[in-house]
Structure formats: C-alpha cells, structure tokens
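What follows is a single structure, written as structure tokens, with notes after it.
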Amino acid sequence: MEKTLETVPLERKKREKEQFRKLFIGGLSFETTEESLRNYYEQWGKLTDCVVMRDPASKRSRGFGFVTFSSMAEVDAAMAARPHSIDGRVVEPKRAVAREESGKPGAHVTVKKLFVGGIKEDTEEHHLRDYFEEYGKIDTIEIITDRQSGKKRGFGFVTFDDHDPVDKIVLQKHHTINGHNAEVRKALSRQEMQEVQSSRSGRGGNFGFGDSRGGGGNFGPGPGSNFRGGSDGYGSGRGFGDGYNGYGGGPGGGNFGGSPGYGGGRGGYGGGGPGYGNQGGGYGGGYDNYGGGNYGSGNYNDFGNYNQQPSNYGPMKSGNFGGSRNMGGPYGGGNYGPGGSGGSGGYGGRSRY
C-alpha cells in the first residue's frame, strides 16, 4: 500500500506534461512584473515557472506572459476562478498552445464550439454528453446526419458555455467515445475562418512573419513583419503568441506558420488532418455556416470512411508566411526582435530573446 501511495504522484507527474500545466496570460499591465504575476497565480497552486515576455531591446513588457503550475488540477482551478485582475487590470488567461499546434491556422482562436469526428452509427447524443460534460457545461450537442438517408455522417458538434473546455479538450487530443477513437478540434465558423485568413494574409505585413528568408527561417525579417497592434500592442487584440518554451500565444489570429489544410476562402474546418474526405463538398456542406474544410479523401485511421468525394474547398494559401515554425531559443521564441516598425510587440528582426 505504501508503495502505491508513493508511485501514484510520480505517475501523475509523468502524465501531466508541461503543455497541460501552462497558461498564457494576455492583457497584462506594462507595470506587471514576474513577481506580481507569480504572487497572483500562486493562490491556485505552486508555480514551476513564471515569465513576463519583454522586448529584447527596450526590456519593456510586451503585455503578456506565461505561468506554469505543478499540476493540471491547479490550472483548472485558476481557470474556474476567472475573471482575473492583476495590478488593476483584467487579464486574459488561456491554456497555452504547444509548439507543434501553434503553427496551424486557427490554433489561437477562442471558440466555444467543438468539432467531433469519428462518430459511429452506434454513437448517440448521450454518449457525447456523458463524455464531454466532465469538461464543462454543455449548451448544445449536434450529430450531423445525411438529409436523404438519415444516416450519421460521422461527425458532430458540442457547444459549451465557455471557451476553456474546448481549449482543454483540444489540448489533450486523444479521446475515446463509446469505444471509438474520436478526433476533436475547434469548430471555426465561416466568419472566423475568414478572420484567420485575413490575419494570415498579412494585412500589409502585420501578423505576417515575413518570408522565411532570414534568421534561419525563424519567423523571417520580411518587410512589415512587425506584429504592430493597437494601444495594447497585441495586433489589435489578435494573436498574442510568442511561443515561450515552444508555446504559442493567446486568443485570436491563428497567425502562426503556413501549414495548409484549412478550408478555402469560404471557410471550413481546416486542421490539416488528413483522411476526412467530404460528402457534398465538405463537412456539413456549409452546415450552420461551418463550410467544408480540406480534410483530403480516404479513411482517417479507424474513424470511418469519409471518402465520398474530395472537398471542393482548397487549402488556404499561406500568403507571405514562410511556414517555418522553428521557435528556437531558451524561451522557444526564435528571432523576435523589434521588427520593422516595432510598435510594442514587433516580431521579425534578428535579436534573440
């Protein structure tokens, strides 16, 4: 018995990798320091790391940072206690996005709706509810069926009352529902995908990380790759993401990297996940404004056959993005630098953080 009590915490620590214990904190006052950030978040548990990201040249706060707890339960407790206010300012905590995910369009968008793929014919709404309600309060569940045959099309949507359950579910990746492997990802509406595309196209350079010509491709020094934002220096509140220790940033934008796979100009569910073909030109055929992402054709592992016909929504062009997601450096930041016109959050340049 004594051995069991000793080994369980060790096993739990092994299971809970850093990516499950880290929070991105956006909207920080420029007066907030590591000390005040740490003091605030320690009320929910022990922090193993805490950092306020700063401009490498001026050392001025860039208005966001990261805190890492010792357990995922502490992260859950902190997120359950929102809103958070530090130094007189309401901040925006969000589960940090891991490096391998931060390059995907839409990875940093905050949504309450979850896409669930791999739904078998014997899976009913109550199976989804029983599984997902442990993550948060569910508003609606939809399992999409074929209008003519009435058969399940293999996917559905779960809408929560908050974005955090979606972030947590997507972060954990592997899910088994009613004995079947399921694929989960954020469900982006047509409008949200258009916003992602707009941010990825660079808007004249803003949000664009250049063309991967310099710094070994670390975000590139392309003209205008300055991520210059509004008064808070966040790129008008979109896409904070530095990538501390390889973690992408906060809400909005989805502006990292140039990986294809997200639906074309008409929206879609993107994701770069191969194997989901489409029926009628995409998931739902524009169902509820969630047009068909570019899931390819054929089978997705054991998620069932979705190869009726390939999507007619092509992959989104990567615009002026180099596609490199090399986030080198001790803070996973790659070459941040002050950027073209700098602002208070300029990417690009050659200075290492």
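Please read every residue number as a count from 1 along the shown chain.
Any Cβ shown, glycine's included, is placed from N, Cα and C.
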If you check Swiss-Prot, which stretch out of 9-15, 30-36, 226-232, 247-253 is marked motif 'Nuclear localization signal'?
9-15
Spatially closest candidate among LYS112, THR140, THR159, the listed recorded positions, to LYS168 (SUMO2 cross-link) (Cα to Cα):
LYS112
Tell me, which recorded positions from LYS104, THR140, LYS152 are within 10 Å of THR159 (phosphothreonine) if we use the C-alpha atoms?
THR140
Find the shortest Cα-Cα separation between SER29 (phosphoserine) and the recorded positions SER85, LYS120, THR140, LYS152, LYS186, and name the residue that gives it.
SER85
Can you check what DSSP calls SER149 (phosphoserine), collapsed to helix, strand or coil?
coil
